[in-house]
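Below is one structure, written out as structure tokens; the observations come after it.
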Amino acid sequence: MKSRLRFTLQLSFTLIVCLFMIVPVAMSVLAGLTENYFVGLQSGLTLRWVNEVWELYSDTIWLSIKLALACLLITTLIGVPAAYGLLRSRRRWANAIEELLLLPVAVPGLATALALLLAYGSYREFRGSWLFILIGHVLFTLPFMVRAVLSVMQTAKLPQLEEAAASLGASFRQRFFSVVIPNCMSGILAGALMVITLSIGEFNITWMLHTPLTKTLPVGLADSYASMRLEIGSAYTLIFLVMVVPLLVAIQWAGRLTEQRR
Amino acid sequence: MSSSVSITLTHCSRTFAGGHMALQPLDLKVNAGETLVLLGPSGCGKTTTLRIISGLESPDKGGQVQFGQRDVTTLPIEKRDVGMVFQNYALFPNMSVADNIAYGLKLQRLSRFEITQRRDEAMRMVDLQGFGERRIDALSGGQKQRVALARAIAVRPKVLLFDEPLAALDAKLRDRLRIEIGQLLRELGTTAVYVTHDQDEAMALGDRIAVMQAGRIAQLGTPQEIYHQPANAFVADFIGAVNCLSVIATKPDGQLAVHGGELSAPHLLGATEIYCRPEDIQVVPLNQADIKGQVVQSVFLGQTQRLLVDAGGTVPLQIEAPSRQRWPNGTAIGLALPFNVLFHPDKPTTTINTKEMANG
């Protein structure tokens, strides 16, 4: 009996905490689907606001996707070799570099953005293009790729596998592509999902670096909250959730895949 | 089968960062088709020697590695045409068993038909038929090492290198794989270098054994030579158990007085210590004994038992006795040590010495 009571209490506490966090999200989503939020649900459900957001802000969504994919490409091309280099280099150096890599994560995004503006702001063409924002995103997300790949590399016993491959006649290139890359694929996957999610949701750096022509999704979101009807902002949130939630689920899944490999 | 080559190491040493010299300058020749075992405790330089032969490490300046007449000192491992088997298998977890074995063949750009043929042949040789589609993590330790073996022999290397391949396996499996590796090596006739710290493995597999100690070769010889004529006390002790009897005095009649009795060993006159193997000591009636003592402990080993006999020395003597006989602690026991089983690796035999000892 006693344990039953305790179970009931625990369950209700958990549910209350969940509600506390989920209700605002649900309300927001609902607001984006309601005809008139101030009248309430009886005004009826509609996709009108979602449509309106799409018309007003679809270019921010496309830009965000383009940025995320470009960012993924660059962080993979730089991050995987970088992680491999850290793995093979001497311990003291590797530790120092790993910490340096974390700097862009620790430093406030606004400061990173300001530094970028100071350094490259005078190149007008570059300043106005989406590539400028891309630099900021790469700086911010690269450490996550390197860390994810490095942690898998460290458990994969790569040095031994490479020695075995070399003994069978594989050159460095052949070893890298047939042994190193396939055996840290789960780390690359986990890193990739992380990079995409972070890039799509990044606000601080982007907000400083954007121009009226290079707005990303989160920047557009802030814009709509500030200047549009509440329903439009909420509908925008809904679109953002639809894009990001599957990615978060995939990150979980990739993480479990990595653990199984160990 | 490709004709086998000899391996010659000339003046190969290896100094690691920090100045530690893992390998003293070493000259070693492995004959074509021979299996040479590098045997020794951890840190003796055996693995370093193997890695220098393989090309995974380079000797210090001045060292030279030759395969046959060819100088391969500066060639990296991938150009040396070796097959290597590692202690921890080092199989590629991203590939199936068949793909692991075919890996080296694909790198040689052989025709698809030949790859399949040689892969299957290698799998047959290590008794792995039907395992081709298995994932690596679905194999037992013994199966993994068979895959590693097949992968190494499939490329038909000039030289086969083994780095403690059985150390991670349990005793029974180890014995079985040891026999199979021995058969395989005889069948292939490839020059092989085999590193181990296990003396049984070394004696079963080696045409010759190099016992290594502190970065040097302490003795190089056939298993029989190493066991019966060890070059020094370290080798005697490392290969099998050995008793060491201190000579207390040399009698005028040439008998050597030791704790518990006297020994007749004309070939060892002047030695201060005498060695003999536990299995060479016979248990005899007390009135025929060279040495008398008391059983202090008997350790049952299954096929034999090991008696520890206190004959007055600092360390009890070890004796191998039939396993069915009972020897309660405290039993008085007589031991016979025929002169031909007594040896001393580095005895300083000089006539002057003998005289001095005989007089004093």
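Glycine too: its Cβ is placed from the backbone N, Cα and C atoms.
Copied over from TrEMBL:
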type: DOMAIN; residues: A:61-251; note: domain 'ABC transmembrane type-1'
type: TRANSMEM; residues: A:12-33; note: transmembrane segment
type: TRANSMEM; residues: A:61-87; note: transmembrane segment
type: TRANSMEM; residues: A:99-123; note: transmembrane segment
type: TRANSMEM; residues: A:129-150; note: transmembrane segment
type: TRANSMEM; residues: A:176-200; note: transmembrane segment
type: TRANSMEM; residues: A:235-255; note: transmembrane segment
Subject >> Which of A:99-123, A:176-200, A:235-255 contacts the transmembrane segment (A:12-33) most, counting Cβ pairs under 8 Å >> reply: A:235-255
Original post:
Top stretch among A:61-87, A:176-200, A:235-255 for CB pairs under 8 A with the transmembrane segment (A:129-150)?
Top reply: A:61-87
Subject >> Long-range neighbours of the transmembrane segment (A:176-200), counting only residues six or more past its ends (CB under 8 A) >> reply: 64-65, 67-69, 71-72, 75-76, 79-80, 83-84, 137, 140-141, 144-153, 156, 158, 161-162, 165, 170, 216-218, 243-244, 247-248, 250-251, 254-255, 257-258, 261
